[in-house]
Structures are given as structure tokens and as C-alpha cells.
Amino acid sequence: LQTRLQAGQGYGNTLNCVLTVYRNESVAGFFKGMSFPLASIAVYSSVVFGVFSNTQRLLSQLHHRDPSHTPALADVALASMVAGFVSVGIGTPVDLVKIRLQMQMQPYIEANIKLKPTVPGFPVYRGPIHCFRTVLQKEGIAGIYRGAGAMLLRDVPGYCLYFTPYTFFCGWITPDGCISPNPSSVWLAGGVAGAISWGTATPMDVVKSRLQADGVYLNKYKGTLDCILQSYQNEGLKVFFRGITINAVRGFPMSSATFLGYELSLKAMKRDQTETNP
């Protein structure tokens, strides 16, 4: 729904988008393009959280000569931005394939020509592997990383507003004297952080979605700045807030589950190490 609202044509609001997708594509329409993200999410999350944690430890070592020292919020923010920068390398191709598969049967309007939106008669891509191979053959590495600039502008501040609020709210909610936050604190802090991060990242998320959807049938945008200018000129400032409700609402449970899984996994591994090396 997020991609359809941000890059598609003819959807008035979220409810209209839901009904249109269901009417035209049944329940299967809500799961288009999900196989590639599902296959790569474990690697992606491992890299992001691994880079974040290791950067925090490095900064603690540099500032306090102790990698286990509790990092300051400034160090958390810096580690978050490094994680956001690294995430683009993995996330851009995955998002591009997902968005191309979701948008290949959607209405489009040719650049600079006012036409009635039309739906092409057949899909361009047969699946995620065919989509990746086709884009790579026709557009090269630059095609696979189309929208990387917008994703960088989304994820670097986005992860800063993801990990930093999480760390702050965990410390605020956790009672004094507790070594680590309890699961309920992690769940709540992770959910709030996710809602904040995805809500504020929506404008650049719109730009990224439009750039990556562009190119299925035609190339309308020359780059990130051109996409921003064309979108603003044609649809006004409100276009950059398309899908903000979905982003904020889904950000809470998704991030709650992610942080809870992360913290519980760390505790389990630390417990195993203690038992193995008493």
C-alpha cells in the first residue's frame, strides 16, 4: 500500500488504495514483491545492527578506553548514521526489485503529456530474479542502485531517529538499578522509535519509491533533485507526505518486534557464553 500510494496514480487515500488493490488483484496483490525482501531481511538486519553495535563499541573504546562503557547519545547518533550509510548498499537493490514488481501493472502518466492513466497489458517482470537480471542487463549497476541517493538521504537521518530515541526511551523507562531493560520496556521503546523514524523519513521515502518505480515503462526523472522538483510542481508539498500514516502505524509493531528479537538474542548469546566459559 505504501508504494502504491507514493508512486502510483489514481489512489485518493489509504482506504481507496486498499479497496482498489483488492478489487483488481485480490488478496495476492497485497503480497506482490515480498519474496526478495523476505529472503534478504535476515542479512540486512544483521548487517545494520552489527554495524551499529560495533561502531558503538569502537566509539566507547576511543572515548573511554572501554568498549563495554555505556555510550553517550551523541555516540549512538553517530553509530546510527554509519549503520544507515552501510544499509543503502544492501537495501537499494532489494527495494528496487520489490517496487518494480509492485508497480509494473500500475497506471502511469507519460512525462510532460497529460494522458489518461493506462495499465499495460502484460507484466514486464516474471519474478524477482528475472526483474534483477533484466534491470542489470538493460541499465547496469547504476540501474540496480537507482534511488540510492534518495535512500541515503532517508536512511542516514532515519536510522539516527531510530536508534537514538530507542536508546533514550529505554534508559528513561528502565528503573534505576536494572542492568538491562525488561522486554516490555524494549517493546515500547522500539515501537515509539519506529513510529518516529518512519514518520519523519516519509518525504524521502516518497522520492525513493518514485525513482525506483520510474523506469518500468519510461524514464520520467533524471535524478533525486529532479524527482523532488517535478513532484512538487505537479502535486504540491502534500505529495511528500503520502503514506505517512501507513509508515508510522506499521513502524510501531515492526520495530517493537525487531528490537525485542535483537535484545533477547543478545541475552541468550551472552548466557550461552557464560555457561560455556564460567
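Each residue, glycine too, has its Cβ placed from N, Cα and C.
Database features, via TrEMBL:
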REPEAT    1-58  repeat 'Solcar'
TRANSMEM  33-52  transmembrane segment
REPEAT    71-172  repeat 'Solcar'
TRANSMEM  72-97  transmembrane segment
REPEAT    181-268  repeat 'Solcar'
Tertiary contacts of the transmembrane segment (33-52), as residues 6+ beyond its ends and Cβ separation under 8 Å: 79-80, 82-83, 86-87, 90-91, 94-95, 97-102, 127-128, 132, 159, 163, 258, 262
Model confidence over the repeat 'Solcar' (1-58), averaged pLDDT: 75
